[in-house]
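Lifted from TrEMBL, the feature list:
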DOMAIN    3-189  domain 'L-asparaginase N-terminal'
ACT_SITE  THR12  active site
ACT_SITE  THR86  active site
DOMAIN    205-319  domain 'Asparaginase/glutaminase C-terminal'
Amino acid sequence: MKHILVLHTGGTIAMSENESGGLTPGAANPLMAFNQLFKGKYELEVEELFNLPSPHMTPREMLQLKNRIMTAEAAGIDGVVITHGTDTLEETAYFLDLTLPAQIPVVITGAMRSSDEIGSDGLYNLSSALKTAASPGARGKGVLVVMNDEVHSARFVTKTHTTNVSTFRTPTFGPLGIIEKNGAKFFQELTNQSRCDIDHVIDHIYLLKAYAGMDGTLFDALNQPATNGLIIEGTGAGNLPPQTLPAIQKLLDRNIPIILVSRCFNGVAEPVYAYKGGGQELAKMGLIFCQGLNGQKARIKLLVALANGKSGAALATYMRDAIS
Ligand SMILES: NC(=O)C[C@H](N)C(=O)O
């Protein structure tokens, strides 16, 4: 029987409705009442690491999770399941995917409906995540996100709907597999990604989204001694309104790494256009194009790169290379 560590961290999966109909975390995680359901299928070790709504998660808690998983793997656990709020689930999943050297399956799940709501998806998703963590095919695939009968890689999965249970999707590339009655079935594989170990996290890495008519105001506001890095979600293939360029140049002059991704839901950013503010000029200025990641994931990757001590050409190569 597989020995699986379940780490609860909070989110809607651990919440119930209060008297006025609002969703809140309670003193006890409602999933704890169902541990005996899995008796005879898996040997479970269950811990409530946090009980946080996921907008309260920070890279510090992500690092704590990573350290707990590494200790568990060293102690011989077969797989790990994490329950998490869905709002920032993709960030925690990608943080762990980048930093964990683990070969054991690490599977993250959550719920869109609280434990006491009609059609609650929490217990079902937990059961699917356990099936996946116990599947031999899940080994060595990096961190996996399991929700609504699909298995996604942490690298590209994103929350796409505010309420629908099929909210987690992998734009451009699609899911890695599906949940069947008896386990997870994989039908495609991502190219390998090197792991990058860190023992601390970095603050003051910002994320801005470009829009028609954007000027330098927000970039000027980030021109501060504490700023460590910036991600910009550019338009289309990776372009910016020309009025932003002087303020961006001031940040580059201070050696602040600036990473460019696309604000488009599908596709990758690449320096195609040669007009003012077009991708070719941005690349020449020194903005680093990051392929395939959305803004919030590129931010996690920059944080990991800087915490690992990367700078200059090594940082640029690491940030550019999201796919291989
Ligand atoms: N479905 C959820 O879990 C959403 C909730 N706001 C959270 O992320 O904690």
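Placed from the backbone N, Cα and C atoms, the Cβ positions cover glycine too.
Across all of the domain 'Asparaginase/glutaminase C-terminal' (205-319), the predicted model scores a mean pLDDT of 97. Residue counts for the domain 'Asparaginase/glutaminase C-terminal' (205-319) under DSSP (helix as H, G, I; strand as E, B; rest coil) come to 45 helix, 20 strand, 50 coil. Between the CA atoms of THR86 (active site) and THR12 (active site) there is a gap of 8 Å, rounded to the nearest whole number.
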